[in-house]
């Protein structure tokens, strides 16, 4: 592969997602105009709420932290050719496991050890949850997209059952919630900020995922199997084990996001943990082209959009859910852009273009 070819493909992988985002901006601007708001003023408000001050940056990073982790739940299996969208379910199961471990240990151990046990529990719970979808795909041929989506509803139903039953704190009448984990097991903030340590978890996980998938034999084997399963089997690669391993790692990342939400934000488990970070992580993964490092930047951008909901309501009389409309438009545009890869001559090798012209001629 020549340098020219590499640059062409790299440019295509950047230009098409950026084009999709710009198209979404235009469509969202039309939407704002139709509901009586000034699109330029709305965009200015979004920027100020997301990046206009240090306080705004902290709000953005708070929302970006879980997105970095949930995005990996889709990005890693995509390298194996799997489309996993069970991020929300793995996040919920991770949060549930973290609460169970936290309540079981209580104050019997130092806070650091309880946090470590909660993290391990969430990693295992989230990982095993997505392994179910991977196993169904590999052993029974069940579509992993459908099975992982349905597992989201199972996880949420299980969480609601436990929170409204055995784990319910009777002090919370209007909003069923679990008992609170011990204060020693709370996940603190970074020095002199309102941003919790979950941001560091997300950054470290993204870096480790990139190294694993791009710089190790395991990652090479996974990418090979993702490119051609039949060829991978002929070459003797353990496709089944690769599928289960990648799904476990992917689910573990989303499960860790659930633990962070419990230990750093909620301090207990309730329906608030279902805050669409899992589904937003799918969008992050697709915009980032399933590149673990790129998910960091995209998470910050989307986190800024999510952080601007309040100011849109106060300044422009737009519902807080307007940012969800924006997110949905971006998702649709990005999905459409996926169908455009390889269709623009400027991004193709000249030899391929000449061959195509000869065939037409």
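In case you wondered, yes, glycine gets a Cβ from its N, Cα and C as well.
Annotated features, as they stand in TrEMBL:
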- 21-44: transmembrane segment (TRANSMEM)
- 89-107: transmembrane segment (TRANSMEM)
- 113-136: transmembrane segment (TRANSMEM)
- 148-167: transmembrane segment (TRANSMEM)
- 195-213: transmembrane segment (TRANSMEM)
- 234-257: transmembrane segment (TRANSMEM)
- 277-306: transmembrane segment (TRANSMEM)
- 318-337: transmembrane segment (TRANSMEM)
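Pairs of Cβ atoms less than 8 Å apart link the transmembrane segment (113-136) most often to 234-257, out of 21-44, 89-107, 234-257, 277-306. Counting only same-chain residues 6+ beyond the ends of the transmembrane segment (89-107), those with a CB under 8 A from a CB of the stretch are 66, 70, 73, 113-114, 117-127, 129-130, 148, 151-156, 158-159, 162, 167, 178-179, 181-182, 184-185, 250-251, 254-259, 261-263, 266, 268-269, 273-274, 277-278.
Only sequence-distant pairs (6 or more apart) were considered; of these, fewer than three Cβ pairs between the transmembrane segment (318-337) and the transmembrane segment (195-213) are under 8 A, so the stretches are not in contact. Listed as Cβ neighbours of the transmembrane segment (277-306) (distance under 8 Å, sequence separation of 6 or more from its ends, same chain) are residues 13, 17, 20-21, 46, 49-51, 56, 60-76, 78-79, 85-92, 152, 202-203, 206-207, 209-210, 213, 254, 257, 261, 323, 326-327, 330-331, 334-335, 338. Distant neighbours of the transmembrane segment (195-213): 58, 61-62, 64-69, 72, 75-76, 79, 187-189, 219, 222-223, 249, 253, 256-257, 260-261, 264-265, 291-293, 295-296, 299; these residues of the same chain sit at least 6 beyond its ends, with a Cβ under 8 Å from one of its Cβ atoms.
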